[in-house]
Amino acid sequence: MSLDIAKYPTLALAENPEELRMLPKESLPKLCDELRQYLLTCVSRSSGHFASGLGVVELTVALHYVYNTPFDHLIWDVGHQAYPHKILTGRRDRISTIRQKDGLHPFPWRGESEYDVLSVGHSSTSISAGLGMAVAAEREGKGRRTVCVIGDGAITAGMAFEAMSHAGDIHSDMLVILNDNGMSISENVGGLNNHLAQLLSGKLYASLREGGKKAFSALPPIKDLLKRTEEHLKGMVVPSTLFEELGFNYIGPVDGHDVHTLTQTLKNMRDLKSPQLLHIMTKKGKGYAPAEKDPIGWHAVPKFDPASGTLPKSQSSLPTYSKIFGEWLCETAAKDSKLMAVTPAMREGSGMVRFSREYPQQYFDVAIAEQHAVTFAAGLAIGGYKPVVAIYSTFLQRAYDQLIHDVAIQNLPVLFAIDRGGLVGADGQTHQGAFDLSFMRCIPNMVIMAPSDENECRQMLYTGYHHNGPAAVRYPRGNGTSAVLEPLEMLPIGKGVLRREGEKIAILCFGTLLAQAQLAAENLNATLVDMRFVKPLDEELVLEMAAKHQVLVTVEENAIMGGAGSGVNELLMAKRRWVPVLNIGLPDLFVPQGEQDEMRSELGLDAAGIQRQIEAWLA
């Protein structure tokens, strides 16, 4: 799909930042309008992250207009908002391929463009990486500048504050732009603020500020008076002195949709020394009314008709695993007031909207703070409550020490509902749930369950909730299999189920690839086992299968290295059972983006691929 660039005459003149910087500043508002419309048209035809990009159009134009990218380093935190950046950095004609197999990466990606200096996907990494780049630039001595753009959600994470504290301590020259689109920090925006922001970011003010500090540093009373005077002036525009206390010079808030004000303020700040923070106010979904009204719903979208202003409904009548979890959560909370649900800013994605509304006193959204979420849950458990931590597989990686140190060592009854286990699709390498079975399996006291369908998912959630110790239920992104939902009951811990009896080959399946393994088993006349528990492993059943079959095959949608199949290998070796084992799962690579079924086919994890791998191994 390609768009007629003639419909966007100003944008056509800015194929890259060098061309953009040649435009007269009077044309920038027109460029922003065309860029926003181009983004709207492209994403509506191809799908992708949407509302965040609409909100940073003016900022993106201003940054590339003022800074000498790619020589100057521009770092986008998370990267959901980077579509306008990609359009302006030589990738305009390929933007319709974003998030698709072999297309543009959904986030800034170092291997894709010299303008993407940091590969991202997870939040709150920009300031740490930016500080490292700023230190390197200072030692390089070529005048290279460093700019980090971070949102008001991502900046709440501990890592961001750790980085700012370090930056303030070593006084490195860098600019952090706080893109505040949630009104969570300040609503104090207007013409006066824009004017004062330009004044406070100017060279005269900066030189007077630093010169005054040096001149009166030996006179504490005068120094304190000057500091109070400065704070009084800034008090008209600054919502908090937090950033100043961390060692940053705070400027703002500035209207993030006034491209001329942004451009002038950035020019003023470009040559300032020491850490600087520019606070801009933006509207997520800016320029498209439905997205402005519901920025969460329009955060990431399928193909849609811009004229209708509505998103298409899901074609599947089957519930997602996230919805299954959310309904189980509500069902359990109705009977047990001790249940406490915790999520690190993933309410919608984890299926917790209904629960948050019906049981607000039992619901905790701790923001982007995965480490805190897990240890907070540990505290709830110590206090006699029953915490359930709903978290994506890829984000649990960020709380690994807390999982071990604060939950497992103390053998606390915390249930982890791990969503997006396995291949997640369009978000690619940074979001695949490829490693959780591997990194949890080695932790003592953990019970790890992998359901094969939505009914097993419910039973396992129930089992893990009532288990007196740490437990994890790991389920995929996507819809269920239309399994009949049975009354909830405790599953016997560490016991699998024989699904099909065959000959010579026994397929041991962990998780929702069971349906694909079933088809392969039928074609090969193989035995099929739904293992259900990754830990504790059903050792008795594995040894029985080893005794009755010539070969074993393990199947999982997790990294082969250290995964469930590795547990089978370890058991057989420990028991001196010399049975050949084929481990089928995710290979030793970071799996790129692509539709889930598309990537399963490529990796040999669909029915045909499983059968093909087994036949090739036996040949």
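Each residue, glycine too, has its Cβ placed from N, Cα and C.
Binding of thiamine diphosphate is annotated in Swiss-Prot for Gly121, His122, Ser123, Gly153, Ala154, Asn181, Tyr288, Glu370; the matching candidate from His73, His80, His85 at the same site is His80. Asp152 (Mg(2+) binding site) is 13 Å away from His80 (thiamine diphosphate binding site) when you measure Cα to Cα. Local packing around the Cβ, expressed as the count of other Cβ atoms within 10 angstroms, is greatest for His80 among the binding-site residues His80, His122. The Cβ of Glu370 (thiamine diphosphate binding site) lies under 8 Å from the Cβ of Pro344, Ile391, Phe395, Leu396, Arg398, Ala399, Gln402, each of these being in the same chain and 6 or more residues away along the sequence. In three-state terms derived from DSSP, Glu370 (thiamine diphosphate binding site) belongs to a helical segment. Largest Cα to Cα distance within the recorded thiamine diphosphate binders His80, Gly121, His122, Ser123, Gly153, Ala154, Asn181, Tyr288, Glu370: about 32 Å as a whole number. When the alpha carbons of Asp152 (Mg(2+) binding site) and Asn181 (thiamine diphosphate binding site) are compared, the span between them is 7 angstrom.
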